[in-house]
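Visitor: Sharing a structure below in structure tokens format, with a few things to ask.
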Amino acid sequence: MEKRRGRKVMKDKEEVVDDDPWWWLVHKGIAASFLCIAMFALLVRVAVSLHPYSGAGNPPKYGDFEAQRHWMEITLNMPVEEWYLNSTTNDLSYWGLDYPPLTAYQSYVHGLFIRFFHPESVSLFTSRGHESYIGKILMRWTVLSSDALVFFPAVFYFVFVYYSGRPHGQKTDIAWHIAIMLLSPCLILIDHGHFQYNCISLGLTVGAVAAVHSNKELVACFLFSLALNHKQVLRRLAPFERGIYEDYVANFWCTTSVFIKWKRMFTTQSLKLLSLGATVSTCLPSMLQQIWAPSNQGFLYGLLNSAFSFYMFSFQVHEKSILLPLLPASLLALEEPFLLKWITLHALFSMFPLLCRDGLILPYIALSVLFTLVYHAPTGRQDRKEAPSFNSFVTTIIVLCSVVLHIVYLTMHPPRRYPFLFEAVIMLLCFSQFMVLCFYTNAKQWMLKRSVFVDKEKKLL
């Protein structure tokens, strides 16, 4: 098929603009770099998958690994109309399927793959708690294939769209941006260590963002609808019966509960309204800015700020929800490198107790070091500076405090009277940094100028 190419003139120089992403990679001279980064990112994922997972060898309910395996068991062996219904053959108290149909069909497809090679892993009833060597390998391969088929192409699509509009973007910057997204330590540890499929919903979201940037609204709507229908249902999004928080997480409700006993002072109904009001009011300024001055850059900041609002103030937020604001932060990596570094380091730290319980300390350390090395890798831009609002002395002190807390958590026992003291201190530190970043990104979004492209469109109406 003949490639579609256009040409435009800029300052008496002719530049080739191509609609073929692969040709664009070749033209930019980073095709080999992209392949090497992608292969290395896959290798890192395989290495992490060799470590334990959530609930490994911990009956009777095990953990997220068993939940995902059980959903494959249910979708394979029961008719569709019974997937979500409690019955003698589908006990919803044992990891009942409570995610939307897209997740259910994903479990069905993955289950077909596993059943082809090892039927015992997904047989009805008898496979509960199944942890055979071949079964674990096949389960890990389902996550790896999902990452390679959804998240990797989405990152490629975003980078292609994002840098196609930047004719002077240097290839070292493009390669760095690809690496920083594909080697995100938090996503790798949760999906390939703890065991989940966040790469699917996040990959669909990245694809939707890229479609918005390329003015393909219908494609964006389709992809984002898939992302929403992969994980978010009302009962799962806000399981009110569990209370406003369940485990230690670096958000407003959990952190301030040290001083304000929310569960004792307010009823669940009151906390619902408080949570809803706080979430909407904190993301409202970001939405208003995009209504008043829409732009592609502001859209990315808006995604980040709305994700921060959800993580900070929503009802029943999990540690892993920090992946939501982390995604748009990685999309903004070239403009806000320090923001990405700071949120990544504290997102990792906020999940440290969870990852310790899973036995993932070694990959946690390794991926933290790898991220730091990639972040500080030299690029073509000499003006890549850290955010001026953060004093280097203060950041050094915070990093030292984090290191000390890591050591204390691993080597000391908390007082008997306060068994979760260390978790509370970790969450307090992470929450304080997330709040600072949230204020910064909201202010930065409001400082953006109106998009010239949007202004031109309005003149044509």
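Placed from the backbone N, Cα and C atoms, the Cβ positions cover glycine too.
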Visitor: Of 193-212, 273-292, 333-352, which span is tagged transmembrane segment by TrEMBL?
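Guide: That would be 273-292, per the transmembrane segment entry in TrEMBL.
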Visitor: Quick one: do the transmembrane segment (273-292) and the transmembrane segment (174-190) reach 3+ CB pairs under 8 Å, ignoring pairs fewer than 6 apart in sequence?
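Guide: These two stretches do not touch.
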Visitor: With Cβ-Cβ distances below 8 Å as the criterion, list the same-chain residues six or more beyond the ends of the transmembrane segment (418-440) that contact it, or say none.
Guide: 248-252, 254-255, 258, 282, 305, 308-309, 311-312, 325, 339, 342-343, 346-347, 349-350, 352-353, 387, 389, 398, 401-402, 405, 408-409, 412
Visitor: Taking pairs 6 or more apart in sequence, does the count of Cβ pairs under 8 Å between the transmembrane segment (174-190) and the transmembrane segment (298-317) hit 3 or more?
Guide: no
Visitor: Does the transmembrane segment (298-317) come close to the transmembrane segment (138-162), meaning at least 3 CB pairs under 8 Å for residues 6 or more apart?
Guide: no
